[in-house]
Amino acid sequence: MIKNLLLVLLGGGLGSIARYLLSYFFTKNNVTHFPWATFIANSIGCLLIGLLFGYIQKNNLQNETLKLLLITGFCGGFTTFSTFSLENIQFIQNQNYNLAIIYTLASLFVGFLAVIIGFKIFN
């Protein structure tokens, strides 16, 4: 159990650092009001989880270490549903209803598509 927790901790820490760096880059360089950092992090995370799951399934791997480190840990730390939700609440509070709808629909569409593409690469 301790080994599993450490794998999730390591992967989650690295994923969180990667998301922080992505957010930092977009905060420094973003001139739009669209939350690109969260959108891109969630999209990349969806692609990664599709790739990893497809690879694991195609190769019939029962490797719990890989799943804990990369899927639960890294992808879990890199992606952020809570920030996505908060950003939508902020759009609504600022009466940016169209942007909230576009952001929500684009995030869902791109996220599902990215998982499917990642999965199909290995299957």
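Note that Cβ sites are derived from N, Cα and C of the backbone, with glycine treated the same way.
Per TrEMBL, transmembrane segment is recorded for 34-56, 68-86, 98-122. Taken from TrEMBL, the feature Na(+) binding site applies to Gly76, Thr79.
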> What parts of the chain pack near the transmembrane segment (68-86), using Cβ distances under 8 Å and only residues at least 6 beyond its ends?
Replying inline: 4, 7-19, 35, 38, 41-42, 44-46, 48-49, 52-53, 103, 107
>> Using a 10 Å cut-off on Cβ-Cβ distances across all protein chains shown, tell me which of the binding-site residues (Gly76, Thr79) has the largest neighbour count.
In response: Thr79
